[in-house]
Each structure stands twice: as C-alpha cells, then as structure tokens.
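Visitor: Take a look at the following structure, please.
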Amino acid sequence: MKKAEVPMLIEHLQQLYPDATCELIHRNPFELLIAVVLSAQCTDKLVNEVTPGLFEKYPTPEVMAGLTQEEMEEAIRRIGLFRNKAKNILETCRRLVEEQGGEVPNDYDYLVSLPGVGRKTANVVLSTAFGVPAIAVDTHVDRLSHRLGLTKATNVLDTEKDLMRKLPKEHWTFTHHALILHGRRVCAARSPKCELCPLQDICSEYQKNAKAAAKGTKKTTTKATTKATTKATTKASTSASK
C-alpha cells in the first residue's frame, strides 16, 4: 500500500465501521483486563457469554483474589486453556490488590509484568480503558496488515511498529478495532470475500491476485489462439495439397 493510500484506507474503514470499538463486554478497566486475558485463543462471543456471570459473582480484584484455583477454574471452565488462565487471573488479582490498591493502572510496563498479559492485552487495555493511542496486533490485524500491504514483518512486534509508523497516531485505536471487524466479517483467514470487499482498490493482495489472474487468462487466450491458428493452417495446407 502506497503512503498516499493510507488516508483512503482510514476513510473506507470509517464508512464501514463508524462505531468500531472493543466488542468484549466490560464496565471498567479491571473487567476489560480479565476479559482480554480470557479471550486469548478464544472467541469474543464465548468470553461475553462467560464474563457477565463471572463479574456478577466476583466484581473486584479483592473478591476474585479470594477464590481457590478450583473455584476459579469452575467459573471459567467453558473458556479454552481455563486452568492456566485461572492461575494467571488469580495471581493478577492478588498483585493488583497488594501493589495497586485493587486498581488497574494506566502503566504499560506494569501491565505486561502481570501473568498472561502481553503487548496485545496491555495495548487493548490502555487504548480502550484509558484512551491511550495504541495498536494491538492480534491475528486479524496482523493478517490484514500483510494483505493490505502495510507491512512485510515476520513477527507481530514489527507489524505493530510498521503500523505505528504508517498510520496517524490519532487513528491507531480506531484502525485496530476496525481491522478486527473487517477481518471477522470480510477478510477471513481461509475464505476472504475479496469480490465483495470495499478495500479492493487499495489492497495489495487483491491487486496482485487480479494481475496474476489477468496474466493467466491472457496466456490461456494466446495459447488457444495459437493452437487454433496452427490447426487452421494445417487444414488449409492439407486441402491445398489434394
């Protein structure tokens, strides 16, 4: 994607997803943090089915920290990797109570020091709960960034750096959420709906595939024409010799 096309990308996304935001249900930074931790290798839909009941019973870090490992596991059993996530959540709650007075801080370095919290989770919490400009690179954002031609990075950290460099800072958070929605609804991993995609005109992957298809059609047409011409010439020569 050319630099001049970036504003077009943002404009398209704003038209398609004007209200793009985090789809995980939450009422405060603590609930968002726990929801994002649960969402790893799990769908937002399933997380949203589990968390309302979870937060109704255990609404604060103080209350949740008092659970046993078995009780925490039972509360999130429907979530993938629930045993490991239960362990991480309990340790996170205990640390928040002991070190932060039960509050989730607006502090990237502290957030990534918590068990089960990486760059993506920290960036989601900072941008969504605290309004800090950030780009969280999940599987959808990474996939679309490569297909659109925004990056050629071989790891998510470099993808994040490329996006921060190419996208206006004031659009980081929105673009992150909009790309996730577009990845879920249109630009799927296995069966992208390229023919229906409004981003065709600025998508590097689409343009490359379109050129390859056109080139293949041209080769097939040329080959067929040559074959037909040869056949006609042979037939004419045979007729002339009789």
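Glycine is no exception: its Cβ is also placed from the backbone N, Cα and C atoms.
As listed in TrEMBL for this protein:
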BINDING   C187, C194, C197, C203  [4Fe-4S] cluster binding site
COMPBIAS  222-242  compositional bias 'Low complexity'
DOMAIN    38-185  domain 'HhH-GPD'
REGION    213-242  region 'Disordered'
Visitor: With H, G and I counted as helix, E and B as strand and the rest as coil, say where DSSP puts C194 ([4Fe-4S] cluster binding site).
Guide: helix
Visitor: Which secondary structure state does DSSP assign to C203 ([4Fe-4S] cluster binding site), in the simple three-class scheme?
Guide: coil
Visitor: Near the [4Fe-4S] cluster site, what residues other than C187, C194, C197, C203 in the same chain have a C-beta no further than 8 Å from the centroid of the listed C-beta atoms?
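Guide: Result: R147, V186, P192, K193, L199, Q200, E205, Y206.
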Visitor: Tell me the Cβ contacts of C194 ([4Fe-4S] cluster binding site) under 8 Å, same chain only and six or more apart in sequence, or just say none.
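Guide: The list for C194 ([4Fe-4S] cluster binding site) reads Q200, C203, Y206, N209, given in order along the sequence.
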